[in-house]
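Here is what Swiss-Prot says about this protein:
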BINDING   ASP11, ASP16, VAL124, ASP240  Ca(2+) binding site
ACT_SITE  ASP11  active site, proton acceptor
BINDING   GLN227, HIS239  substrate binding site
Amino acid sequence: MEKRKIILDCDSGHDDAIAIMMAAKHPAIDLLGITIVAGNQTLDKTLINGLNVCQKLEINVPVYAGMPQPIMRQQIVADNIHGETGLDGPVFEPLTRQAESTHAVKYIIDTLMASDGDITLVPVGPLSNIAVAMRMQPAILPKIREIVLMGGAYGTGNFTPSAEFNIFADPEAARVVFTSGVPLVMMGLDLTNQTVCTPDVIARMERAGGPAGELFSDIMNFTLKTQFENYGLAGGPVHDATCIGYLINPDGIKTQEMYVEVDVNSGPCYGRTVCDELGVLGKPANTKVGITIDTDWFWGLVEECVRGYIKTH
């Protein structure tokens, strides 16, 4: 089986932690590095969260700090969902794990330029790191095999009626990525909201056990509370983990090719991913957009990854 080489670019909230856990353990994925961006919380907090997850699960992958601010807009955070730390819920041991000294954007550029065009970028937070890398060194564009991202929606947003948080947090960066010409796969809210993690799923992962089962439980029990308080949902969707699911087995997720444009005009639609689902604009599709996911398959995959952290010796 071919291992997909990926760089996981994240803002280290609750669903990001599940994505890290899956990407680092599944045999179909070769996780080269983790790059951190500001998003769910400020960069200092998202960096600590990423390092904490790696330390707890003994994930020996280099971690790089990236963009602390969006390209243009005023910074926003999602503390209503992810809490004051950006990863409220779990209690971690004192942190000894350290980030690399290289900036995430430089790491992305250098790694892609040295590659054979076989690396996939997996941004599951705001697209600031990816966009700045593209602008700093446009020669990386043909080197990117694919970008599989979590963000946007062809229906309703979750941070404004129009916009999903990751895109709204840096719409200008998203505009750069969506106009780059690189093959794009978008896991938007329409798809990711199908992965609502209800108490029975949490109990299933607790039964699976090990450090990842414990972390999953602590993370998703907190998310259960904030998702109900903010959106009335019966559980928290694990948005970002769907990107890892897609990379492991694209057949588990139905996609549709669409032309997608990011609205960067100020107003009520700022940050919206305008998806031409019906093809009325007549423009060539630039994105595969996630439509539906086989949730039985997906939770089975998550459990498989959780069990991978159980030590047998």
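Just so you know, glycine gets a Cβ as well, placed from its N, Cα and C.
The Cβ of HIS239 (substrate binding site) has ASP15, VAL124, MET150, MET187, LEU189, THR192, THR195 as same-chain neighbours under 8 Å, each 6 or more residues away in sequence.
The Cβ of ASP11 (Ca(2+) binding site) lies under 8 Å from the Cβ of ILE36, VAL37, ALA38, GLY39, ASN40, GLN41, THR46, GLY86, VAL124, GLY125, PRO126, ASN166, each of which sits 6+ residues away along the same chain. In this structure the C-alpha atoms belonging to GLN227 (substrate binding site) and ASP240 (Ca(2+) binding site) are separated by 15 Å. Listed in chain order, the extra residues whose Cβ falls within 8 Å of the Cβ center of the Ca(2+) site residues ASP11, ASP16, VAL124, ASP240 are CYS10, SER12, GLY13, ASP15, ALA19, GLY39, ASN40, GLY125, MET150, ASN166, HIS239.
Taking the Cβ of ASP16 (Ca(2+) binding site) as reference, residues of its chain lying under 8 Å away and at least six apart in sequence are, in sequence order, CYS10, ASN40, ASN49, GLY50, VAL124, GLY125, ASP240. Under DSSP, ASP240 (Ca(2+) binding site) is assigned to coil, being neither helix nor strand in the three-state scheme.
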